[in-house]
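According to TrEMBL, the domain 'Peptidase S54 rhomboid' annotation covers 49-199. If you look up TrEMBL, you'll see 12-29, 62-81, 93-116, 128-146, 158-176, 183-201, 207-224 marked as transmembrane segment.
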Amino acid sequence: MGKPLFYEILEKPATSCIIGICSAIWFYIRKKNIGYSHVGLSYETVIEGHYWRIITSAFSHIRVIHLVFNMIELWFLGGAVEELGHLGLGVEYYLQYTLVLVVLSGLLVLGMYHILIQRFKLEYFRRIPAVGYSCVVFGWLTILAVKQPSSKLDIFRFFLLPISFAPFESLVFTSIIDPRAGFLGHLSGIVIGYAIASGLIHGMNNYWALSLLGWIILVFILSLKTSGAVDFNFLEIESVTDPSLSSVRFLGSDKNHYLNYHL
């Protein structure tokens with residue numbers, strides 16, 4: 001018999017929290033009848049200033065089957081990473097590079113869209129909304145494939161898959177069983193995963209992770225404001241003498257007094 005679920009959750013705290021967040025967001029999306037266009041990442045919306053979609057798209061799922069498949073894979077992959085502290089991985093490494101995977105895989109998808117639209121004139125990719133945690137899942141699958149090439153990936157407790165071939169096998173398999181799955185999103189996760197595992201992207205620690213998180217939060221809030229997605233009454237952004245700078249004002253109860261910050 002396996003371990004009780006409660007003990008497995010305690011052994012995978014970071015993975016369990018992420019699964020809980022994604023599940024809660026899916027429940028909210030379903031309850032509010034939110035669609036792809038509201039939270040998805042598309043080239044057209046990002047060039048209009050909706051940078052916050054890089055984050056919302058990663059943690060959002062519209063179809064329940066998409067959520068289930070991603071979270072099951074994350075349960076095994078994330079748990080494996082958290083338990084491999086002796087190989088230089090572990091919980092801190094998992095959280096630090098999850099941030100990197102979320103941001104860089106989203107930016108890489110946009111870069112691929114840009115090339116397909118501008119170079120090959122494929123306007124179809126201008127409005128495609130991408131959602132889901134698949135980029136991060138494929139990223140961790142790739143990292144494990146490089147770090148432990150001889151190990152096996154336990155899929156759904158039914159069969160073992162050689163993890164060294166798992167990233168591209170999963171890419172093809174997913175495209176076959178679900179043609180609507182984001183091929184470019186999965187591919188971007190694999191590319192960023194290889195960059196991390198090979199050391200091309202390296203040097204993350206708690207300081208840099210917290211700094212990156214701070215910038216993510218700042219850009220997220222400012223882009224929500226400037227794009228008009230959310231009306232923050234306490235936050236105003238106005239131009240200053242230097243057009244390359246912007247002024248952020250946090251209003252208090254007396255609108256004649258405020259703190260003025262230049263970015």
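Cβ coordinates are placed from backbone N, Cα and C, and glycine is handled just like the others.
In TrEMBL, annotation is done automatically, which means it is predicted and not curated.
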In contact by Cβ distance (the transmembrane segment (93-116), the transmembrane segment (12-29); 3 or more pairs under 8 Å): yes
Interface-richest range of 62-81, 183-201, 207-224 toward the transmembrane segment (128-146), CB pairs under 8 Å: 183-201
